[in-house]
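Only one structure is covered here, and it is reproduced in the block below.
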Amino acid sequence: MKRSLLFLGLSFALILAACNESSGDASSADGDWMPTKNIEIVAPSGAGGGWDTTARMAAKVLEEEGLIDQGIGVVNKTGGGGAVGWAYIATKKESPYNLFVTSTPMIDVPLNGQSDYDYTDFTPIANVIADYGAFAVKADSKWQTLNDLFDDMKKDPTSVTVIGSSSPGSMDHLKFAKFAKEAGVDITKIKYVSEQDGGELTALLNGSVDVFSTDVSEVVEQVRAGNIRVLAVTSEERLEGETISEFPTGVEQGINTTYINWRGFFGPKDLPEDALEFYEQKFKEMTETDAWKEIRANYGWGDFFMGHEEYQEFLKEQVESSKALLDELGIVR
Amino acid sequence: MLSSQNKKVSLFLIVLGVVFVIMSVRLPEYPLVPVDADAIPIILGCLLIFLSILLFFIKDEPKDSEDSEQSEPFFNADRKMLFLFGGFILLYIVLLEWLGFLITTALFIFTSTFALGYKKHVTNIIVAIAIPIVFYYLFNYVLKISLPKGILPF
Amino acid sequence: MGVMDGILEGAKVAFSFHGILFVLMGVFLGTIIGMLPGLGPITAIGVMIPISYGMDANMALVMMAGIYYGAIFGGSTSSILLNAPGVAGTVATAFDGYPMAQQGKAGKALAIAAVSSFIGGTVGVILLMLFAPLLATVAISFGPPEYFALMLLALTAIASLSEGSTIKALISGTLGFMVAMIGIDGQTGTSRFTFGSASLLSGIDFLVIALGIFALAEVFKLIITRNDIDSGPNKNIGSIRITKSELKEMSGPASRQSVLGFLIGVLPGAGATIASFIAYITEKKIAKKPEEFGKGSIKGLTAPETANNAATSGAFVPLLSLGIPGSGTTAVLLGALMVMGIQPGPMLFTEKPDLFWGVIISMYIGNIFLLVLNLPLIPYISKLLNIPRPMLISLVTIFCLIGVYGISFNTFDLYLLLAFGIIGYLLRLVSFPAAPFILAFILGEMIEQSVRKSMTISNGSFMIFLERPITLAFLIITVLSLALPPLLGMRKKIKSIE
């Protein structure tokens, strides 16, 4: 008897609480939009990945520095290199409570025909991070500079194997192709191996492959230990920091191109104007906090803030550039 | 002719293998690698067809008498219960993100336990309410991994 | 600073009050996470990252490592009791653990698993401590062709997992391999067999298959048989006594597989799963009574449980000595280190000896804690099986559903789970074994990808598999292990005819 009473009480409490929910919503009429309930940031990957970490760290900073009063929860929607998460957000049209974190695959994956949604189906809010690519070879490799490598590849592109962690037609493949093309290599003959189980460095170190196309942060420690040599980084100018500043850029070796892996926050399509302004401002403030700067430094993430307008222009250019490369590679999907 | 179970299964698998091979052959070509995405699937499909043909000519092994539950479960009276239970799972999946984890899970545990013939309803109700709450609390508040809250506000 | 000083520094970390506290917290959390559905060590450590931010790096790593090996330690529980492996490394545990529990020896099975895990973990740590810097070269000796040969060897387990018809086992394996082909192909980016569904692009998750074909299919069977008189003497279910002769039986596989498992764990990408399968087949191959395997053999349970825990220690070799993550979990651990301002890499050993040795030494303490924590709990946990059948059926189903939902938070996977539950049940009806299916599923993608990576590297020449000594050696072992038993059998027949 006691037990069923407890049950009754419990269910009653639940119903009461449910009624409370529907009462208040945002007053967006005056332009000063404020969130009135918990915000959800979707990480279109599993816990522990790059997107997930960015989302969780941003949520932490936004909450702890008092930038946003409401709770921020991170929700993981894993699958399809992001496509599953994007499809989920696409159902949240106009909702100012469903943000997500994304990066370069937002461009590559739809271009490869692996997602029905591209960036135009969402609202870019603010970019916060930039990562740069690096091309590394074994320390005892015969190639001292990027040009040494590309000279050999011009003679026989099939003599060199490149490894990366993203699938063909995506980031690691595209950035190498972009540089090789600029140097005049026949990029349709480049041998690219995609290694998705974390064995890229191993394959490079034991000589199974010749070149590792990756992010700068992946190679720093191996360079310090004298295991590998970085032929070039993909930034415009040399990066700052111990060891990192010793890596030459492609530009200074006469290969006049760059590649950037950006990462930022988006909202669903038709995000209300005032909510967009609110979040844009908050993310800007977030990137200026010391807590965020420290996190960035620890991960080796570069600072790259862009507001909504600038972001959209940038994305448009990115799509055009990647599309041109894919066409030339003969990857038509 | 198709009285043997092996022969029925074999024919089904041969059809499956053929469909698999056809689908593999029709995969788009990718120009930049020596072994394309369709190679291994085609081999697998052919292997399945080959093995299934072998199976066709193998006699059914006699049923183990000790495995009585395996002999004719499909014609067992409990077959209905199996379909009902499958239906419950289906319903759970459909309702999960709409009604939320707490309500759906509680309903599922109670109904299916009841339907399977459990008579102590009070215990059933307590378990059906306690288990989802424990899980929900653990996931959402301790581990900060969100399970769907559905129509409930927390 | 010499190695001895480093070890002393590490011991200071590990044996400090906080060190002991955090390793205890880690292994406790790990055990629980290992037992719960859907919460792999990856997720657990992933969500710990923001929480541990600002914590002392030594302590955070000690705790996270504890979660990792604690989860593998605890992961055997659901395999043994419910036939529901929560992580891939414990699939092989279910082969003999579940039959044992069905025979009313659940407590004993759990105790054997715990002791084996302890032995595997501890031997693994000893090897890790002695050889970590040396083994760095072993860790990087494997390229795509070597992985291909190793996985192929593991795949031959299909032949030894077949009971009754070999053809049926092979068909079951082929089907599993075919399911592994679903999703975006790694080498070309082509979507294969996805029928236009975004949810299928990254393939079907291991848990969907394992919980569907093993656990849910078992649930369906339980529904049919629920009214039969309960089989087996359930009163003794919680007894954890291991007799002397049983200990003796365990000693062989435990000592062999802790070393072998560790070595396989050292290889990035191979890990606990491969180690447990290879352990299972080698023990079955050399066993005097191989026919007991799969029916509740003590050796069959000891081997994979020792190996998967030893492999977990092994996975720390490439992580700590090279900064190369050997598995999904160590990749997340690496990310966790970075957020604490530590750059994991080849220099860690010399620059942060307190961290390097601190973690290793804490793993001894952690393994002892795990044994002490787990053994007394076993009688209670194994009583789970005494829950009335209707309630047990509902709860196991919910367990599977939460587990799968936790992978991607996508109901699509739940439909898949139901589908594979039905497939698993149908396979049983026509007496096809399920183990080859899941084995081929786990290995299939890795085999396919590694063979094609190799072919890309060699410009399409098969010679790459014959030119490299390690690859060639594995291939020869594979051929021998397949060809020898039938050849020997033939010789016996010829002799008997003479």
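Residue numbers in this text run from 1 along the chain shown.
Every residue gets a Cβ built from N, Cα and C, even glycine.
TrEMBL entries are annotated by machine, without manual review.
In TrEMBL this protein carries:
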type     : residues  : note
TRANSMEM : C:20-45   : transmembrane segment
DOMAIN   : C:20-439  : domain 'DUF112'
TRANSMEM : C:110-136 : transmembrane segment
TRANSMEM : C:148-181 : transmembrane segment
TRANSMEM : C:193-217 : transmembrane segment
TRANSMEM : C:259-281 : transmembrane segment
TRANSMEM : C:319-343 : transmembrane segment
TRANSMEM : C:355-378 : transmembrane segment
TRANSMEM : C:390-408 : transmembrane segment
TRANSMEM : C:414-444 : transmembrane segment
TRANSMEM : C:465-488 : transmembrane segment
- Taking 3+ C-beta pairs under 8 angstroms (sequence gap of 6 or more) as contact, is the transmembrane segment (C:110-136) in contact with the transmembrane segment (C:259-281)? yes
Review point. Do the transmembrane segment (C:319-343) and the transmembrane segment (C:390-408) come together with 3 or more C-beta pairs under 8 Å, pairs six or more apart in sequence?
Key: no
- Task: With pairs restricted to those 6 or more apart in sequence, evaluate whether the transmembrane segment (C:193-217) and the transmembrane segment (C:148-181) have 3+ C-beta pairs under 8 Å.
- Result: yes
Near the transmembrane segment (C:148-181) in space but 6 or more residues beyond its ends, with Cβ under 8 Å, are 95, 142, 192-193, 203-204, 209, 264, 267, 270, 274, 277-278, 280-281, 284-285, 290, 293-294, 427, 431-448, 450-451, 454, 465, 470-475, 477-478, 481-482
